[in-house]
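Structure first, commentary second.
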Amino acid sequence: MLVITNTSEEPFYFILSGIPGFEAIHIWISIPFCCLYMISILGNTTILAVIQIEPSLHQPMYLFLSMLALTDLGLTLTTLPTVMQLLWFNVREISFEACFAQFFFLHGFSFMESSVLLAMAYDRFVAICRPLHYASILTESVIGRIGIAIIIRCVLAVLPSLFLLKRLPFCHSHLLSHSYCLHQDMIRLVCADTRVNSWYGFGLVLLIIVLDPLLILVSYGLILHSILGTASQAERFKALNNCLSHILAVLILYVPMVGLSMAHRFARHAPPLVHVIMANVYLLSPPVMNPIIYSVKTKQIRQGILRLLYRGTMH
């Protein structure tokens with residue numbers, strides 16, 4: 001068997017795949033993909049612009065929302081180049097270094113999304129259960145430290161898996177099953193023992209896919225206990241309505257994430273189209289849907305967007 005490693009003098013490329021069975025109509029498939037990418041970019045940049053411009057939105061909840069928008073923007077821009085150049089120009093080759101760079105940012109921003117949603121759950125907990133101490137607990141410096149901790153956490157989570165994979169030799173068949181570089185996809189091409197990688201990946205699953213949503217559930221359990229014990233029915237409705245956008249964002253991230261992880265581990269022989277669709281739903285749903293959800297459900301964001309549009313028409 002011919003084995004290629006990153007130490008070879010010959011340039012090494014991975015080969016990306018498009019939508020299996022629909023290669024002949026990639027140019028038409030590019031239209032909805034292009035629309036989704038545009039919605040994500042415009043939606044998240046609008047959220048960031050509104051929070052930046054409106055002084056009334058310089059509050060913890062909206063600062064966390066700006067972190068979420070930045071993360072979604074990063075996730076979108078990470079996959080956009082390889083997906084669109086494949087669909088438009090059938091450019092399928094990606095260099096060894098570029099693939100690992102995309103691997104790092106793709107998984108890094110994905111884990112960052114989970115971490116930001118966990119921080120937002122803590123924000124909702126403090127706002128509802130400790131309203132009198134909200135401003136003193138979540139100061140700008142504390143939020144800044146939380147942001148730095150999220151970045152460090154995600155870098156430290158992704159780097160070991162990157163180095164563990166990069167040291168291994170790859171088989172001659174270096175055809176990936178997606179139009180971007182996913183760890184679950186790349187590790188299939190390794191011609192060596194991957195038990196260390198698998199155990200580390202299992203640890204990450206416990207840390208991100210299990211621990212984060214579990215802590216979010218605990219925070220909402222405490223919120224429910226607090227509002228059911230003391231609040232009136234109107235106050236309960238208002239509190240739950242304030243949390244609805246965040247609950248939807250959590251579901252949009254974790255349902256496809258768990259589905260994709262389960263498919264790669266337990267449904268390896270499923271048709272390739274199933275894996276491709278699930279991966280695209282996982283990577284595109286949060287960046288596309290989050291700005292729509294927060295624009296529709298959050299009155300202050302909606303009003304800020306209208307004021308931003310009004311200023312634009314005045315100029």
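Residue numbers in this text run from 1 along the chain shown.
Even glycines carry a Cβ here, placed using N, Cα and C.
In TrEMBL, annotation is done automatically, which means it is predicted and not curated.
Note that the structure is predicted; figures quoted are calculated from it, not measured.
Feature annotation from TrEMBL assigns domain 'G-protein coupled receptors family 1 profile' to 43-294.
According to TrEMBL, the transmembrane segment annotation covers 25-51 (among others).
Among the features that TrEMBL reports, transmembrane segment is placed at 63-88 (among others). Taking Cβ pairs closer than 8 Å, the transmembrane segment (63-88) reaches residues 16, 18, 26-27, 29-30, 33-34, 37, 40-41, 44-45, 47-48, 51-52, 94, 102, 105-106, 109-110, 112-113, 116-117, 119-120, 123, 140, 143, 147, 150, 179-181, 249, 283, 286-287, 290-291, 294, 301 in its own chain, all 6 or more past its ends.
Taken from TrEMBL, the feature transmembrane segment covers 100-122 (among others).
Within its own chain, the transmembrane segment (142-165) has Cβ neighbours under 8 Å at 60, 63-64, 67, 100, 103-104, 107-109, 111-112, 115-116, 119, 183, 186-187, 190, 196-197, 200-201, 204, 207-208, counting only residues six or more beyond its boundaries. According to TrEMBL, the feature transmembrane segment maps to 142-165 (among others).
Summarising the annotation, TrEMBL assigns transmembrane segment to 199-223 (among others).
TrEMBL lists 244-267 (among others) with the feature transmembrane segment.
Per TrEMBL, transmembrane segment is recorded for 273-293 (among others).
Across the domain 'G-protein coupled receptors family 1 profile' (43-294), the model assigns an average pLDDT of 92.
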